[in-house]
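Quick look at what Swiss-Prot lists:
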- Cys333, His384, His510: Zn(2+) binding site (BINDING)
- 1-61: domain 'TGS' (DOMAIN)
- 242-533: region 'Catalytic' (REGION)
Amino acid sequence: MPVITLPDGSQRSFDHAVSIAEVAASIGAGLAKATVAGKVDGKLVDACDLISNDATLQIITPKDEEGLEIIRHSCAHLVGHAVKQLYPTAKMVIGPVIDEGFYYDIAYERPFTPEDMAAIEKRMMELIEKDYDVVKKMTPRAEVIDVFTARGEDYKLRLVEDMPDEQAMGLYYHEEYVDMCRGPHVPNTRFLKAFKLTKLSGAYWRGDAKNEQLQRVYGTAWADKKQLAAYIQRIEEAEKRDHRKIGKQLDLFHLQEEAPGMVFWHANGWTVYQVLEQYMRGVQRENGYQEIKTPQVVDRILWERSGHWSNYAENMFTTSSESRDYAVKPMNCPCHVQVFNQGLKSYRDLPLRLAEFGACHRNEPSGALHGIMRVRGFVQDDAHIFCTEEQVKKEAADFIKLTLDVYKDFGFSDIAMKLSTRPAKRVGSEELWDRAETALADALNESGLEWEYQPGEGAFYGPKIEFTLRDCLGRNWQCGTLQYDPNLPERLDASYIAEDNSRVRPVMLHRAILGSFERFIGMLIEHYAGVFPAWLAPTQAVIMNITDKQTDFALEVEKSLNGSGFRAKSDLRNEKIGFKIREHTLLKVPYLLVIGDREVETQTVAVRTREGADLGSMPVAQFVELLTQAVSRRGRQESE
């Protein structure tokens, strides 16, 4: 006679084994109808699963995050049902849940087309309207093999082979279609109405380019149609903000097949890049960093000593010369240790903060490349702090404050901080891990802001802090990191002379704020939709004459603004002023200065903003003051 304890502490007793659905029905008809699954003693189970003993139970509905994941997973199975009806020779592979959606990998004789995707979506809607129950059957291993052998599902059989210890598996039946899964899944297709297929792509079996190519069908699913509509609106807005599209519109950069994953920066984009670099250079100088520069191509001997050659070689570009093997550096850390190792270091020299705008190259798979967000050639705002163990907490606390200030300057204030702690496979004593994790946790606490643990997510040699930015569309971008590392100094024989004259290994703190310049600029483009704050805009002001009579004064204003350190251009074309204003508004120039006869006579400029606000006529000196204030605010609001 199980006693079920609910989240509010109330209890219900039953005189027989009872399903989650039955418990929900005993509470109320509305809850029974909304029940997607249950969480029994903390474990997710299907609504049809039985509880035989005393247990705690949470009813899972579409309002719960777990409920939403179950809906998405079940939608992936629904893709399988529709595909097998439309394309009977297709072989189903896997259909997992991903962030805000799902996908299904499918082996088929030809690539799917957008027309195929529309047909699959239509068939899914028709199947949902049938309002059928999804039936779960725990099935003996041998029978599972028979089921998929009879259906010719070769990939499912391979997946069964991957689970030699599983003697019974969950089969989920969507009418005549059957799929294998740990579950749970929705009890009925009525939960799947708020879905949409979003895109097609290629994939490889087990993610390995050496294996068979598959078709991947992506989709999204939500608790209701209102949430789906909001998501679609957000995605449409994201498409409008696509950095590749805006990059072309604003003439910022381009990419081409002859240099995959390498950016061709145009003058406008390079201006933005240089503003970022000079800003970060100043920030680092103010915070006690020494800027260095290290080689791009380094003998494999160093990479062998650092461990990268054995663990990272497939991601490195290599070359040979005079019977020596070299690698184009994928990261800067080993080279920074070489700088530290030059000359004798004392405890008085620590902390030593070495920074580099380090150009790195990584041989990313071509299918993973994405605009300037995922590239092969990139520059990091990289730095390494060499310090004593006792200095870690202060260095970490200072870095956290610095990082948050930088993000505010770029207009990001919604920051999540996470501390990744010791993984199962690790090196170093428990005492060392305790001290390292405590130092980073104490530094996070000093910030006064909320943060969370990520248990087991640290590197094998040390814990790390991650900074994740949320942009205007609610998307998360992991950017900054602070990685505790006692391992690389050991491998590369870094040491300093302690106060007692003994040789001691320093702790090495790997840190970055932006991550890579390329990706961060891509983020900024999409966050601002190309409408950069004045300090980042490639052109901050454009001066336009109405007729040729104002040319000399327009050029004089341009020279004055550029001489004051701003980025100004004049547009002296023989075009109507309205045409010029529209064009530069579309180019998202922050300030549009119009000069007519009256402005020449009064030695003023008529100032408009790209948003269409008319600020009136003012002396050039007054506009310089206005622009100075706008630039000095950077990406912060006036109230900050």
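Cβ coordinates are placed from backbone N, Cα and C, and glycine is handled just like the others.
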Would you list the other residues of this chain near Zn(2+) - those whose C-beta lies within 8 angstroms of the C-beta centroid of Cys333, His384, His510 - in sequence order? Met331, Asn332, His336, Val337, Asp382, Ala383, Gln483, Asp485, Leu488, Met508, Leu509, Arg511
Whose Cβ, among the binding-site residues His384, His510, has more other Cβ atoms within 10 Å than any of the rest? His384
What's the number of neighbouring CB atoms sitting within 10 A of the CB on Cys333 (Zn(2+) binding site)? 19
What three-state class does DSSP give Cys333 (Zn(2+) binding site)? helix
Taking all residues of the region 'Catalytic' (242-533) together, what is their mean pLDDT? 95
Please spell out the DSSP helix, strand and coil residue counts for the domain 'TGS' (1-61). 14 helix, 24 strand, 23 coil
